[in-house]
Amino acid sequence: LGLQNATSPIMEELIAFHDHALMIIFLISSLVLYIISLMLTTKLTHTSTMNAQEIEMIWTILPAVILIMIALPSLRILYMTDEFNKPYLTLKAIGHQWYWSYEYSDYEDLAFDSYITPTYFLEPGEFRLLEVDNRTTLPMEADIRVLISSQDVLHSWAVPALGVKTDAIPGRLNQAMLTSTRPGLYYGQCSEICGSNHSFMPIVLEFIYFQDFEVW
């Protein structure tokens, strides 16, 4: 169990922030448990104390410092996710009940629908409920802009290994940036409950080398 292996700079930053926040939470929890154990096993109580400026300063400043230590890396990643350089390719992903459709508009008018592959059509080594009939092919090590929308209800286009999760909202275009540092297949799913077949909207991205993508 755990996070998927990162294949994009954003996901690497998210994993590092997860470890950073988890370490702070662990230290705080250990300190609280230590103080509770001291209070239960020793006479570390002062019921007659009416005023202690030093202690009040400590438990005011220390939480503020801890929050700043968590907030600064979080804000940095937030701005990174909204940073859009000149994209090499623009892909449009449109959610439907219950499949995805994709459009490549930079090269030619290429569009297709991507449905889940039924279990009885799976080949050996393929994943149940994660395979599709038409994979989305993209070039690796390139900045790719994905425009995400919906044709009917709320959906969410999510690929955990790339650190991407963007809502698909009817009548609105949201955008996300993709960059893969290595070739391969990366799986995702709709991450917004959208009806009875919500669990059957997989996403499969196939990242290949530049020269292979141009041929494709």
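Note that Cβ sites are derived from N, Cα and C of the backbone, with glycine treated the same way.
The Cu cation A1 binding site annotation in Swiss-Prot covers His155, Cys190, Cys194, Met201. Look at Swiss-Prot and you will find Cys190, Glu192, Cys194, His198 tagged as Cu cation A2 binding site. Per Swiss-Prot, Mg(2+) binding site is recorded for Glu192, and the stated evidence type is similarity to another entry. Annotation source Swiss-Prot lists topological domain 'Mitochondrial intermembrane' at 1-8, 82-216, citing similarity to another entry. Per Swiss-Prot, topological domain 'Mitochondrial matrix' is recorded for 40-53, and the stated evidence type is similarity to another entry. Per Swiss-Prot, transmembrane segment is recorded for 9-39, 54-81, and the stated evidence type is similarity to another entry.
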Which chain neighbours of the Cu cation A1 site, leaving out His155, Cys190, Cys194, Met201, have a Cβ atom within 8 Å of the mean position of the site's Cβ atoms?
Gly95, Gln97, Trp98, Trp100, Ser156, Ala168, Gln189, Ser191, Glu192, Gly195, His198
DSSP residue counts for the topological domain 'Mitochondrial intermembrane' (1-8), split into helix, strand and coil:
0 helix, 0 strand, 8 coil
Can you tell me which parts of the same chain pack against the topological domain 'Mitochondrial intermembrane' (1-8), counting only residues 6+ beyond its ends and a CB-CB cutoff under 8 A?
14-15, 18, 160-164, 178-182, 184, 186, 207
With Cβ-Cβ distance below 8 Å and at least 6 positions apart along the chain, what are the contacts of His198 (Cu cation A2 binding site)? List them in sequence order.
Trp98, Cys190, Glu192
Determine, from DSSP, whether His155 (Cu cation A1 binding site) sits in helix, strand or coil.
strand
What counts of helix, strand and coil residues does DSSP assign across the topological domain 'Mitochondrial intermembrane' (82-216)?
15 helix, 62 strand, 58 coil
Which one of the binding-site residues (His155, Cys190, Glu192, Cys194, Met201) has its C-beta surrounded by the most other C-beta atoms within 10 angstroms?
His155
Taking the topological domain 'Mitochondrial matrix' (40-53) alone, what is its mean pLDDT?
72
